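As given in TrEMBL:
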{"type": "BINDING", "residues": "LYS34", "note": "ATP binding site"}
{"type": "COMPBIAS", "residues": "313-324", "note": "compositional bias 'Polar residues'"}
{"type": "COMPBIAS", "residues": "350-363", "note": "compositional bias 'Polar residues'"}
{"type": "DOMAIN", "residues": "4-286", "note": "domain 'Protein kinase'"}
{"type": "REGION", "residues": "313-372", "note": "region 'Disordered'"}
Amino acid sequence: MERYESLGVVGEGSYGLVLRCRHKESGQTVAIKKFLESEDDHTVKKIALREVRMLKKLRHENLVNLIEFFRRKRRLYLVFEYVDHTILDELEATETGLAEDTARAHIFQVLRGIAFCHQNQIIHRDIKPENVLVSRLGVVKLCDFGFARLLAGPGESCTDYVATRWYRAPELLVGDTRYGREVDVWASGCLLSEMLTGEPLFPGESDIDQLFHIIQTLGELSNSHRQMVERNPMLAGLRLPAAASTPLVSSFPSWSTRAHAFVSACLCLEPSARPSAQELLNHEFFLHDCFPDSFLPVLRQKVQQEFSTNTLLGMSGRRGSSTAADRRGRGRKVPGGNSPDNMYGRSLVRQATTQLTPTSRPDNINAVRSVP
(Lines of atoms letter the chains of each structure in order from A and count residues from 1; the text may use other names and numbers.)
(Lines give C-alpha, C1' and ligand atoms only; values in the text may rest on other atoms or scores of the structure.)
Protein backbone atom coordinates (compact mmCIF):
# COMPACT_ATOMS: atom_id res chain seq x y z
CA MET A 1 0.00 0.00 0.00
CA GLU A 2 3.02 2.29 0.08
CA ARG A 3 2.27 3.50 -3.45
CA TYR A 4 -1.23 4.65 -2.53
CA GLU A 5 -2.76 7.28 -0.27
CA SER A 6 -6.10 6.36 1.27
CA LEU A 7 -8.89 8.89 0.71
CA GLY A 8 -11.47 7.01 2.74
CA VAL A 9 -13.68 3.96 2.83
CA VAL A 10 -16.35 3.64 0.14
CA GLY A 11 -17.47 0.09 0.91
CA GLU A 12 -17.52 -2.33 3.82
CA GLY A 13 -18.97 -5.80 4.17
CA SER A 14 -18.47 -9.46 4.90
CA TYR A 15 -15.21 -9.76 2.99
CA GLY A 16 -13.50 -6.54 3.96
CA LEU A 17 -13.20 -2.95 2.83
CA VAL A 18 -13.13 -0.98 -0.40
CA LEU A 19 -11.01 2.15 -0.29
CA ARG A 20 -10.88 5.18 -2.52
CA CYS A 21 -7.17 5.88 -2.93
CA ARG A 22 -4.76 8.09 -4.83
CA HIS A 23 -1.84 6.57 -6.70
CA LYS A 24 0.98 8.79 -5.44
CA GLU A 25 3.16 8.74 -8.54
CA SER A 26 0.44 9.43 -11.13
CA GLY A 27 -2.16 11.19 -8.99
CA GLN A 28 -4.86 8.88 -10.38
CA THR A 29 -7.79 7.88 -8.19
CA VAL A 30 -8.31 4.13 -7.78
CA ALA A 31 -10.59 1.79 -5.85
CA ILE A 32 -8.78 -0.80 -3.73
CA LYS A 33 -10.67 -3.84 -2.52
CA LYS A 34 -9.02 -5.13 0.65
CA PHE A 35 -9.98 -8.68 1.60
CA LEU A 36 -9.70 -9.38 5.31
CA GLU A 37 -7.66 -12.36 6.52
CA SER A 38 -7.77 -13.89 3.04
CA GLU A 39 -5.09 -16.45 3.85
CA ASP A 40 -7.12 -17.90 6.73
CA ASP A 41 -10.67 -17.76 5.42
CA HIS A 42 -11.10 -20.28 2.60
CA THR A 43 -14.29 -18.76 1.20
CA VAL A 44 -12.95 -15.21 1.14
CA LYS A 45 -9.69 -16.34 -0.41
CA LYS A 46 -11.55 -18.35 -3.04
CA ILE A 47 -13.76 -15.41 -4.02
CA ALA A 48 -10.83 -12.99 -4.14
CA LEU A 49 -8.69 -15.24 -6.29
CA ARG A 50 -11.64 -16.04 -8.55
CA GLU A 51 -12.18 -12.34 -9.22
CA VAL A 52 -8.49 -11.91 -10.08
CA ARG A 53 -8.51 -14.96 -12.33
CA MET A 54 -11.63 -13.88 -14.20
CA LEU A 55 -10.57 -10.28 -14.73
CA LYS A 56 -7.12 -11.30 -15.95
CA LYS A 57 -8.87 -13.31 -18.66
CA LEU A 58 -11.44 -10.68 -19.58
CA ARG A 59 -10.37 -7.39 -21.17
CA HIS A 60 -13.25 -5.40 -22.63
CA GLU A 61 -14.32 -1.77 -22.68
CA ASN A 62 -17.56 -2.62 -20.84
CA LEU A 63 -15.84 -4.53 -18.02
CA VAL A 64 -14.09 -2.85 -15.11
CA ASN A 65 -10.29 -2.74 -15.34
CA LEU A 66 -8.24 -4.54 -12.71
CA ILE A 67 -5.01 -2.52 -12.51
CA GLU A 68 -2.97 -4.72 -10.18
CA PHE A 69 -3.23 -7.05 -7.21
CA PHE A 70 -0.89 -7.83 -4.35
CA ARG A 71 -0.68 -9.43 -0.91
CA ARG A 72 0.27 -7.75 2.34
CA LYS A 73 0.24 -9.39 5.76
CA ARG A 74 -2.02 -12.29 4.72
CA ARG A 75 -4.46 -9.96 2.97
CA LEU A 76 -5.17 -9.72 -0.74
CA TYR A 77 -5.62 -6.29 -2.33
CA LEU A 78 -7.23 -5.69 -5.73
CA VAL A 79 -6.66 -2.30 -7.36
CA PHE A 80 -9.33 -1.18 -9.84
CA GLU A 81 -9.86 1.89 -11.94
CA TYR A 82 -12.15 4.24 -10.05
CA VAL A 83 -15.49 4.73 -11.79
CA ASP A 84 -17.76 7.57 -10.76
CA HIS A 85 -21.02 5.86 -9.79
CA THR A 86 -23.36 2.92 -10.38
CA ILE A 87 -26.75 2.44 -11.97
CA LEU A 88 -28.08 2.05 -8.44
CA ASP A 89 -26.87 5.58 -7.65
CA GLU A 90 -28.75 6.87 -10.68
CA LEU A 91 -31.92 5.07 -9.62
CA GLU A 92 -31.68 6.40 -6.08
CA ALA A 93 -31.53 9.94 -7.50
CA THR A 94 -34.91 9.62 -9.23
CA GLU A 95 -38.34 8.36 -8.21
CA THR A 96 -39.54 7.44 -11.67
CA GLY A 97 -36.61 5.58 -13.22
CA LEU A 98 -34.38 6.56 -16.11
CA ALA A 99 -35.43 7.87 -19.49
CA GLU A 100 -35.79 5.03 -21.98
CA ASP A 101 -32.95 6.36 -24.15
CA THR A 102 -30.61 6.36 -21.13
CA ALA A 103 -31.73 2.90 -20.00
CA ARG A 104 -31.26 1.59 -23.54
CA ALA A 105 -27.70 2.92 -23.76
CA HIS A 106 -26.90 1.38 -20.37
CA ILE A 107 -28.36 -2.07 -21.07
CA PHE A 108 -26.73 -2.15 -24.51
CA GLN A 109 -23.33 -1.75 -22.88
CA VAL A 110 -24.17 -4.25 -20.13
CA LEU A 111 -25.06 -6.80 -22.81
CA ARG A 112 -21.82 -6.13 -24.68
CA GLY A 113 -19.91 -6.98 -21.51
CA ILE A 114 -22.04 -10.04 -20.80
CA ALA A 115 -21.77 -11.28 -24.39
CA PHE A 116 -17.99 -11.00 -24.19
CA CYS A 117 -17.96 -13.00 -20.95
CA HIS A 118 -20.22 -15.64 -22.46
CA GLN A 119 -18.04 -15.89 -25.58
CA ASN A 120 -15.21 -16.71 -23.19
CA GLN A 121 -17.31 -19.40 -21.45
CA ILE A 122 -17.78 -17.31 -18.30
CA ILE A 123 -21.06 -16.46 -16.57
CA HIS A 124 -21.19 -13.50 -14.20
CA ARG A 125 -24.01 -14.74 -11.92
CA ASP A 126 -24.59 -11.45 -10.10
CA ILE A 127 -25.94 -8.85 -12.54
CA LYS A 128 -27.70 -6.06 -10.61
CA PRO A 129 -27.74 -2.23 -10.51
CA GLU A 130 -24.96 -1.91 -7.94
CA ASN A 131 -22.65 -4.11 -10.02
CA VAL A 132 -22.89 -1.86 -13.07
CA LEU A 133 -20.57 1.15 -12.99
CA VAL A 134 -21.14 4.32 -15.01
CA SER A 135 -18.29 6.73 -15.72
CA ARG A 136 -18.62 10.50 -16.00
CA LEU A 137 -18.58 10.11 -19.78
CA GLY A 138 -21.34 7.50 -19.67
CA VAL A 139 -19.21 4.41 -20.27
CA VAL A 140 -20.83 1.44 -18.52
CA LYS A 141 -18.64 -1.24 -16.94
CA LEU A 142 -19.72 -4.50 -15.35
CA CYS A 143 -17.92 -5.17 -12.06
CA ASP A 144 -17.74 -7.59 -9.13
CA PHE A 145 -16.64 -10.91 -10.61
CA GLY A 146 -16.29 -12.67 -7.27
CA PHE A 147 -19.08 -15.12 -8.15
CA ALA A 148 -18.35 -15.50 -11.85
CA ARG A 149 -17.35 -18.95 -13.04
CA LEU A 150 -16.59 -20.96 -16.12
CA LEU A 151 -19.58 -22.66 -17.69
CA ALA A 152 -20.10 -26.16 -16.38
CA GLY A 153 -19.08 -28.94 -18.72
CA PRO A 154 -21.06 -32.10 -19.52
CA GLY A 155 -22.05 -33.85 -16.31
CA GLU A 156 -20.89 -30.97 -14.12
CA SER A 157 -23.17 -28.96 -11.89
CA CYS A 158 -23.10 -25.49 -10.34
CA THR A 159 -24.39 -24.24 -7.03
CA ASP A 160 -27.93 -22.89 -7.25
CA TYR A 161 -27.16 -20.41 -4.46
CA VAL A 162 -25.95 -17.58 -6.68
CA ALA A 163 -27.19 -14.16 -7.77
CA THR A 164 -28.87 -11.62 -5.56
CA ARG A 165 -32.47 -12.67 -4.92
CA TRP A 166 -34.36 -10.00 -6.89
CA TYR A 167 -32.41 -10.89 -10.03
CA ARG A 168 -32.36 -14.66 -9.62
CA ALA A 169 -33.76 -16.72 -12.48
CA PRO A 170 -36.50 -19.29 -11.73
CA GLU A 171 -34.17 -22.20 -12.45
CA LEU A 172 -31.99 -21.04 -9.55
CA LEU A 173 -34.97 -20.65 -7.23
CA VAL A 174 -36.18 -24.22 -7.83
CA GLY A 175 -32.72 -25.73 -7.30
CA ASP A 176 -31.56 -26.46 -10.86
CA THR A 177 -27.78 -26.97 -10.84
CA ARG A 178 -27.38 -27.32 -14.62
CA TYR A 179 -27.96 -23.66 -15.45
CA GLY A 180 -25.88 -21.58 -17.81
CA ARG A 181 -25.67 -18.25 -19.61
CA GLU A 182 -29.43 -17.83 -19.39
CA VAL A 183 -29.25 -16.69 -15.74
CA ASP A 184 -27.37 -13.56 -16.83
CA VAL A 185 -29.97 -12.88 -19.53
CA TRP A 186 -32.78 -13.12 -16.97
CA ALA A 187 -31.00 -10.68 -14.67
CA SER A 188 -30.52 -8.29 -17.61
CA GLY A 189 -34.28 -8.21 -18.16
CA CYS A 190 -34.83 -7.47 -14.47
CA LEU A 191 -32.20 -4.74 -14.69
CA LEU A 192 -33.79 -2.99 -17.67
CA SER A 193 -37.22 -3.13 -16.03
CA GLU A 194 -35.81 -1.55 -12.88
CA MET A 195 -34.08 1.18 -14.85
CA LEU A 196 -37.34 2.04 -16.63
CA THR A 197 -39.48 2.15 -13.47
CA GLY A 198 -37.08 2.94 -10.64
CA GLU A 199 -38.35 -0.11 -8.75
CA PRO A 200 -37.29 -3.79 -8.76
CA LEU A 201 -39.60 -5.96 -10.84
CA PHE A 202 -39.61 -8.92 -8.42
CA PRO A 203 -38.87 -7.63 -4.87
CA GLY A 204 -39.18 -10.97 -3.07
CA GLU A 205 -38.53 -11.12 0.67
CA SER A 206 -37.42 -14.77 0.54
CA ASP A 207 -36.64 -17.32 -2.14
CA ILE A 208 -40.19 -18.67 -2.02
CA ASP A 209 -41.68 -15.19 -2.10
CA GLN A 210 -39.40 -14.43 -5.05
CA LEU A 211 -40.74 -17.46 -6.91
CA PHE A 212 -44.32 -16.38 -6.14
CA HIS A 213 -43.66 -12.87 -7.49
CA ILE A 214 -42.40 -14.37 -10.75
CA ILE A 215 -45.34 -16.76 -11.19
CA GLN A 216 -47.90 -14.09 -10.34
CA THR A 217 -46.33 -11.75 -12.90
CA LEU A 218 -45.26 -14.05 -15.73
CA GLY A 219 -47.30 -17.24 -15.45
CA GLU A 220 -46.76 -20.93 -14.68
CA LEU A 221 -43.33 -22.46 -14.35
CA SER A 222 -42.15 -24.87 -17.02
CA ASN A 223 -42.92 -28.57 -16.52
CA SER A 224 -39.31 -29.35 -15.67
CA HIS A 225 -39.19 -26.60 -13.05
CA ARG A 226 -42.46 -27.73 -11.47
CA GLN A 227 -40.96 -31.21 -11.17
CA MET A 228 -37.88 -29.72 -9.51
CA VAL A 229 -40.12 -27.96 -6.99
CA GLU A 230 -41.72 -31.30 -6.13
CA ARG A 231 -38.33 -33.00 -5.72
CA ASN A 232 -36.62 -30.21 -3.80
CA PRO A 233 -36.75 -30.97 -0.03
CA MET A 234 -36.33 -27.25 0.70
CA LEU A 235 -39.65 -26.66 -1.08
CA ALA A 236 -41.53 -29.65 0.37
CA GLY A 237 -45.26 -29.00 0.67
CA LEU A 238 -45.08 -25.76 -1.27
CA ARG A 239 -48.27 -24.80 -3.07
CA LEU A 240 -47.55 -22.62 -6.05
CA PRO A 241 -49.78 -19.55 -6.46
CA ALA A 242 -52.22 -18.87 -9.26
CA ALA A 243 -50.43 -17.88 -12.44
CA ALA A 244 -50.57 -14.42 -13.95
CA SER A 245 -53.71 -13.61 -15.88
CA THR A 246 -52.63 -10.13 -16.99
CA PRO A 247 -49.85 -9.71 -19.57
CA LEU A 248 -46.68 -7.97 -18.44
CA VAL A 249 -47.31 -5.24 -21.01
CA SER A 250 -50.42 -4.12 -19.11
CA SER A 251 -48.41 -3.41 -15.98
CA PHE A 252 -46.15 -0.85 -17.66
CA PRO A 253 -48.20 1.12 -20.20
CA SER A 254 -45.58 3.88 -20.46
CA TRP A 255 -42.95 1.57 -21.93
CA SER A 256 -42.41 1.42 -25.66
CA THR A 257 -43.57 -1.70 -27.47
CA ARG A 258 -39.95 -2.62 -28.19
CA ALA A 259 -38.95 -2.26 -24.53
CA HIS A 260 -41.79 -4.61 -23.57
CA ALA A 261 -40.67 -7.12 -26.18
CA PHE A 262 -37.07 -6.95 -25.00
CA VAL A 263 -37.89 -7.49 -21.31
CA SER A 264 -40.35 -10.27 -22.15
CA ALA A 265 -37.69 -12.06 -24.21
CA CYS A 266 -35.22 -11.93 -21.31
CA LEU A 267 -37.83 -13.18 -18.84
CA CYS A 268 -38.97 -16.33 -20.61
CA LEU A 269 -39.64 -18.85 -17.86
CA GLU A 270 -38.12 -21.63 -19.96
CA PRO A 271 -34.36 -20.92 -20.00
CA SER A 272 -33.81 -22.43 -23.44
CA ALA A 273 -36.33 -19.97 -24.90
CA ARG A 274 -34.36 -16.92 -23.79
CA PRO A 275 -32.19 -15.29 -26.46
CA SER A 276 -28.45 -15.11 -25.94
CA ALA A 277 -26.79 -11.84 -24.97
CA GLN A 278 -25.42 -11.58 -28.50
CA GLU A 279 -28.89 -12.09 -29.97
CA LEU A 280 -30.27 -9.40 -27.68
CA LEU A 281 -27.74 -6.94 -29.08
CA ASN A 282 -29.53 -7.43 -32.40
CA HIS A 283 -33.00 -6.97 -30.91
CA GLU A 284 -35.37 -4.43 -32.47
CA PHE A 285 -35.10 -2.44 -29.24
CA PHE A 286 -31.67 -1.40 -30.54
CA LEU A 287 -31.93 -1.85 -34.30
CA HIS A 288 -35.17 -0.06 -35.22
CA ASP A 289 -33.39 3.31 -35.39
CA CYS A 290 -29.85 2.00 -36.14
CA PHE A 291 -28.80 2.82 -32.56
CA PRO A 292 -25.57 0.73 -32.62
CA ASP A 293 -24.34 2.49 -35.77
CA SER A 294 -24.53 5.89 -34.13
CA PHE A 295 -23.69 4.87 -30.56
CA LEU A 296 -20.63 2.63 -30.96
CA PRO A 297 -18.31 5.21 -32.59
CA VAL A 298 -19.12 7.68 -29.81
CA LEU A 299 -18.62 5.01 -27.16
CA ARG A 300 -15.20 4.11 -28.51
CA GLN A 301 -14.16 7.76 -28.53
CA LYS A 302 -15.15 8.00 -24.87
CA VAL A 303 -13.28 4.81 -24.00
CA GLN A 304 -10.17 6.10 -25.75
CA GLN A 305 -10.47 9.42 -23.94
CA GLU A 306 -10.67 7.68 -20.57
CA PHE A 307 -7.75 5.42 -21.42
CA SER A 308 -5.56 8.30 -22.58
CA THR A 309 -6.15 10.28 -19.38
CA ASN A 310 -5.47 7.38 -16.99
CA THR A 311 -1.85 6.26 -17.12
CA LEU A 312 -2.55 3.34 -14.78
CA LEU A 313 -4.71 1.50 -17.31
CA GLY A 314 -1.61 0.50 -19.22
CA MET A 315 -0.52 -1.66 -16.30
CA SER A 316 -3.93 -3.32 -15.87
CA GLY A 317 -3.99 -6.82 -14.44
CA ARG A 318 -0.41 -7.04 -13.26
CA ARG A 319 0.70 -8.55 -9.99
CA GLY A 320 2.09 -5.88 -7.69
CA SER A 321 5.53 -6.21 -6.15
CA SER A 322 6.16 -6.10 -2.42
CA THR A 323 8.21 -3.30 -0.94
CA ALA A 324 10.24 -3.63 2.21
CA ALA A 325 8.02 -1.10 3.97
CA ASP A 326 4.89 -3.02 3.02
CA ARG A 327 6.42 -6.31 4.13
CA ARG A 328 7.10 -4.75 7.52
CA GLY A 329 3.47 -3.65 7.68
CA ARG A 330 4.17 0.08 7.58
CA GLY A 331 1.45 0.80 5.03
CA ARG A 332 -1.19 3.48 5.57
CA LYS A 333 -3.76 2.66 8.22
CA VAL A 334 -7.18 2.00 6.70
CA PRO A 335 -9.95 4.17 8.16
CA GLY A 336 -13.18 2.62 9.32
CA GLY A 337 -16.58 3.17 7.74
CA ASN A 338 -20.15 2.01 7.53
CA SER A 339 -20.57 1.94 3.76
CA PRO A 340 -21.71 -1.14 1.80
CA ASP A 341 -19.75 -4.10 0.52
CA ASN A 342 -20.24 -3.21 -3.13
CA MET A 343 -17.31 -1.35 -4.59
CA TYR A 344 -19.16 1.76 -5.59
CA GLY A 345 -22.82 1.40 -4.70
CA ARG A 346 -24.69 2.82 -1.75
CA SER A 347 -26.58 -0.08 -0.26
CA LEU A 348 -26.27 -3.27 0.42
CA VAL A 349 -24.48 -6.04 1.91
CA ARG A 350 -25.98 -7.17 5.19
CA GLN A 351 -25.59 -10.44 7.00
CA ALA A 352 -27.82 -13.19 5.64
CA THR A 353 -29.93 -13.11 8.79
CA THR A 354 -31.06 -9.52 8.23
CA GLN A 355 -34.84 -9.12 8.21
CA LEU A 356 -35.92 -7.67 4.87
CA THR A 357 -38.80 -5.31 4.28
CA PRO A 358 -40.37 -4.90 0.83
CA THR A 359 -38.13 -1.87 0.25
CA SER A 360 -34.93 -3.45 1.56
CA ARG A 361 -32.45 -4.47 -1.09
CA PRO A 362 -31.25 -8.06 -0.57
CA ASP A 363 -27.64 -8.97 -0.06
CA ASN A 364 -25.85 -11.50 -2.20
CA ILE A 365 -26.50 -14.58 -0.15
CA ASN A 366 -23.17 -16.05 -1.15
CA ALA A 367 -21.56 -13.60 1.25
CA VAL A 368 -21.67 -16.30 3.91
CA ARG A 369 -21.37 -19.43 1.81
CA SER A 370 -18.69 -21.31 -0.04
CA VAL A 371 -19.29 -20.99 -3.76
CA PRO A 372 -18.10 -23.62 -6.27
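Even glycines carry a Cβ here, placed using N, Cα and C.
Because TrEMBL annotations are produced automatically, they should be read as predictions rather than curated entries.
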LYS34 (ATP binding site) -> DSSP, reduced to three states, gives strand
Using a 10 Å radius on the Cβ of LYS34 (ATP binding site), the other Cβ atoms enclosed count 22
